[in-house]
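Student: Got a structure here, written out as structure tokens. Questions coming.
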Amino acid sequence: MSYQMPQNRSMSHNPYNSSDMPMPSAKEQTLMWQQNSYLGDSGIHSGAVTQVPSLSGKDDDMEDDPLMFDMDQGFSQNFTQDQVDDMNQQLSQTRSQRVRAAMFPETLEEGIEIPSTQFDPQQPTAVQRLAEPSQMLKHAVVNLINYQDDADLATRAIPELIKLLNDEDQVVVSQAAMMVHQLSKKEASRHAIMNSPQMVAALVRALSNSNDLETTKGAVGTLHNLSHHRQGLLAIFKSGGIPALVKLLSSPVESVLFYAITTLHNLLLHQDGSKMAVRLAGGLQKMVALLQRNNVKFLAIVTDCLQILAYGNQESKLIILASTGPSELVRIMRSYDYEKLLWTTSRVLKVLSVCSSNKPAIVEAGGMQALAMHLGNPSQRLVQNCLWTLRNLSDAATKVDGLETLLSGLVTVLGSSDVNVVTCAAGILSNLTCNNQRNKVTVCQVGGVEALVGTIINAGDREEITEPAVCALRHLTSRHPESESAQNVVRNGYGLPVIVKLLNPPSRWPLIKAVIGLIRNLALCPANAAPLREHGAIHLLVRLLFKAFQDTQRQRSSVASNGSQPPGAYADGVRMEEIVEGTVGALHILAKEEYNRQVIRSQNVIPIFVQLLFYNDIENIQRVAAGVLCELAVDKEVAEMIEAEGATAPLTELLNSANEGVATYAAAVLFKMSEDKSMDYKKRFSSELTTLPVFRDDSMWNNGELGIGPDLQDILSPEQAYEGLYGQGPASVHSSHGGRAFQQGYDTLPIDSMQGLEIGGGGGSSNGGATGNGGMGGQQQQSGGGPGSVVMGGGGASGMSSSGQPTSPYGMDMDVGEMEASELTFDHLDVMPSPPQDNNQVAAWYDTDL
């Protein structure tokens with residue numbers, strides 16, 4: 001055997017030469033040898049490396065070795081060579097016993113003492129290191145033997161047990177069920193049971209026919225054990241076990257309930273055909289009834305079963321509704337803090353929230369407030385489910401009060417780095433601020449405008465975020481006490497350049513449509529007029545108007561020639577007539593500022609305004625066209641340009657319009673155009689006006705001199721309103737008739753991707769025409785109508801003629817309200833009327849809540 005110097009024992013610092021040291025005596029060498037590990041370890045046991053001791057005694061390592069300089073500390077006496085030999089002999093003789101003690105301790109006789117070879121408690125011996133894998137090997141062999149024994153035993157016992165389970169004596173059946181339950185706890189016998197269809201059928205039969213508690217517990221416990229294996233699930237399903245298990249959901253015994261619901265849960269998760277079988281057996285009703293229990297882990301399993309059954313199945317959703325499921329689910333969200341239960345319950349609510357029947361039930365049960373309680377939960381999956389559900393519900397909750405906590409929480413989560421969280425929060429805020437002044441004020445007071453501006457700035461080109469955020473801002477910047485403040489906040493928060501930039505490509509038409517409405521509202525603030533112009537808003541609006549007008553003219557030419565509607569009539573679900581109306585309406589507000597009028601005039605857009613007066617089938621376009629001409633005609637040169645474009649004839653015809661707004665604007669423009677005419681012409685013109693149905697009161701004319709009246713676009717009637725609710729769902733139809741109609745959305749929404757989620761779409765059709773993707777809730781006919789399925793991105797209320805028929809081919813027209821002729825004056829054109837106080841009154845689609 002050779003010895004090697006350990007690598008960490010260096011002699012480089014030894015000041016003495018070993019050749020100068022005297023040779024120690026044999027006794028001294030023996031004593032120094034005793035200090036090595038051979039004294040306590042043969043080397044075979046520990047595997048320690050032997051080494052030559054230092055003869056100089058000057059090793060640095062030895063200076064710290066207490067055994068080198070304090071012999072009494074390690075040993076109480078010196079050992080002679082004979083004693084060392086005796087110890088080595090004893091260790092050799094007991095080597096086999098040490099190995100046996102480590103590997104087969106059960107074979108040793110009691111009372112035998114085996115000398116230990118472990119010198120250092122921190123260093124296990126070689127035998128000790130081998131002991132653990134040896135024990136594992138031994139147990140594996142034993143288990144293999146026992147497994148085979150269990151399998152053989154079960155195989156031999158199964159035929160007899162089947163007979164006993166079918167016995168008429170219930171005591172015998174009970175004993176047999178308990179025996180089978182015990183066998184099913186072992187893997188080998190469990191496989192033997194599930195491989196026997198006769199045994200599983202006997203268990204199901206015993207479960208169905210017996211009223212004995214022990215029999216029931218044994219049989220259902222066995223089925224529960226089998227349900228952890230796919231083969232067992234198939235055997236239970238084929239044996240008709242699901243109806244028997246559903247029946248047990250009425251059991252008052254906790255253990256039976258646990259076995260039954262967990263077995264059904266496993267079947268629903270992994271066995272094809274189980275969902276239908278559970279529905280047919282009445283499982284939904286029984287599961288909803290179980291929601292009244294208070295064991296959180298049990299409830300988590302029940303709610304997960306409900307989610308599996310309701311997902312993608314409208315009938316199941318209606319059964320849950322009929323069983324008062326929504327109120328129980330909301331109660332759970334309000335009462336517990338167990339994360340898994342809250343998560344599974346929120347998943348059920350998310351599935352139900354796209355059902356038009358369940359949606360109002362959840363809202364009425366306080367679902368919005370209950371879900372809002374968990375927006376600050378550290379569980380991200382719970383927060384996301386709550387947000388998806390809230391967004392699905394939000395179009396049905398536009399009239400719900402007491403949402404201050406929710407609105408504040410939504411503003412907070414707008415700062416999240418998760419794109420899905422921000423998208424949902426913005427969409428919910430958009431819907432909840434639609435036609436609800438209280439919610440608008442609340443959002444403004446908690447910093448919602450600043451948060452939404454920041455969200456738009458940070459979103460970049462993510463339209464799934466920018467579109468709902470722009471819609472929410474559009475609602476917050478008009479028709480409530482804090483609207484003027486909101487308009488200023490957008491400017492002070494550096495939002496104007498970002499918002500105007502969204503009018504450029506690659507923005508899609510639904511987003512552009514929403515931005516146009518927001519710019520119109522922002523222009524209501526005089527301080528925003530110049531910044532909007534400086535950021536290029538007028539130029540971009542005119543460019544969009546040209547594009548939309550060309551497409552509209554092309555469509556009308558095609559319809560006139562062959563009666564067909566070309567594919568290009570819609571772009572991303574948005575009709576170009578909507579863009580025409582929106583851009584002209586925004587230019588109308590911007591034209592109130594003198595320099596803006598000059599810029600608009602220079603864009604060579606007046607001919608288009610005049611041509612729009614001929615859109616007899618779309619009153620709202622006629623109204624905004626007459627409105628912008630009314631503003632531009634303040635300048636005499638522009639009035640002459642308008643007359644030169646041939647506007648006199650269509651304006652004169654519009655004086656007979658049943659829409660007071662159209663008629664009044666037309667009269668105002670004609671009066672401006674007649675300012676340089678003779679006094680006789682003016683008097684004759686005034687006289688003709690008083691003969692029209694809309695202008696019958698002579699007292700309003702102030703001796704034949706026409707002033708300029710208020711902006712009639714905000715004088716509105718409480719007729720059907722188009723609510724631009726932001727939601728998700730397939731393409732929908734905006735109908736001007738009918739009661740509550742909520743959009744049918746998707747059962748669930750992708751968490752990892754927003755692809756395929758059409759957020760926003762085109763305008764609706766008052767004639768029942770298809771809209772673009774992205775259903776939103778909208779208010780139905782008359783003030784009592786509920787939110788319906790309309791499209792997002794803004795649109796107008798459906799204008800109705802005096803005969804009650806729609807006057808617009810798309811859902812964006814709006815008539816002005818009935819007025820006495822004496823109320824019509826033309827004083828103070830620059831004075832804007834107060835916002836309507838009735839939430840059911842809305843302006844054209846580009847106004848706040850459309």
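Glycine is no exception: its Cβ is also placed from the backbone N, Cα and C atoms.
The compositional bias 'Polar residues' annotation in Swiss-Prot covers 1-20. The compositional bias 'Gly residues' annotation in Swiss-Prot covers 758-798. If you look up Swiss-Prot, you'll see 1-24, 756-850 marked as region 'Disordered'. The annotation repeat 'ARM 1' is assigned in Swiss-Prot to 146-185. What Swiss-Prot records for 188-228 is repeat 'ARM 2'. Residues or ranges marked as repeat 'ARM 3' in Swiss-Prot: 230-269. Annotation source Swiss-Prot lists repeat 'ARM 4' at 272-311. Annotated repeat 'ARM 5' per Swiss-Prot: 356-395, in sequence order. Residues or ranges marked as repeat 'ARM 6' by Swiss-Prot: 397-434. If you look up Swiss-Prot, you'll see 483-524 marked as repeat 'ARM 7'. Feature annotation from Swiss-Prot assigns repeat 'ARM 8' to 594-634. Per Swiss-Prot, repeat 'ARM 9' is recorded for 636-675.
Describe each of these features in terms of where it is and what it packs against.
Tutor: Mean pLDDT for the repeat 'ARM 1' (146-185) in the predicted structure: 82.
Sorting each residue of the repeat 'ARM 2' (188-228) by its DSSP state yields 34 helix, 0 strand, 7 coil.
Distant neighbours of the repeat 'ARM 3' (230-269): 190-191, 194-195, 197, 200-201, 203-204, 207-208, 213, 216-217, 220-221, 223-224, 275, 277-278, 281-283, 286-287, 289-290, 295, 298, 301-302, 304-305, 308-309; these residues of the same chain sit at least 6 beyond its ends, with a Cβ under 8 Å from one of its Cβ atoms.
With helix defined as DSSP H, G or I and strand as E or B, the repeat 'ARM 6' (397-434) counts 24 helix, 0 strand, 14 coil.
When DSSP labels each residue, the repeat 'ARM 7' (483-524) comes out as 30 helix, 0 strand, 12 coil, counted as helix, strand and coil in that order.
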Student: Could you tell me how many residues in the repeat 'ARM 4' (272-311) are helical, how many are strand and how many are coil under DSSP?
Tutor: 30 helix, 0 strand, 10 coil
Student: Could you give the residue numbers and ranges of same-chain residues that sit at least 6 residues beyond the repeat 'ARM 4' (272-311) on either side and whose C-beta is under 8 angstroms from one of its C-beta atoms?
Tutor: 237, 242-243, 246-247, 249-250, 254, 257-258, 261-262, 264-265, 317, 319-320, 323-325, 328-329, 331-332, 336, 338, 340-341, 344-345, 347-348, 351-352, 747-748
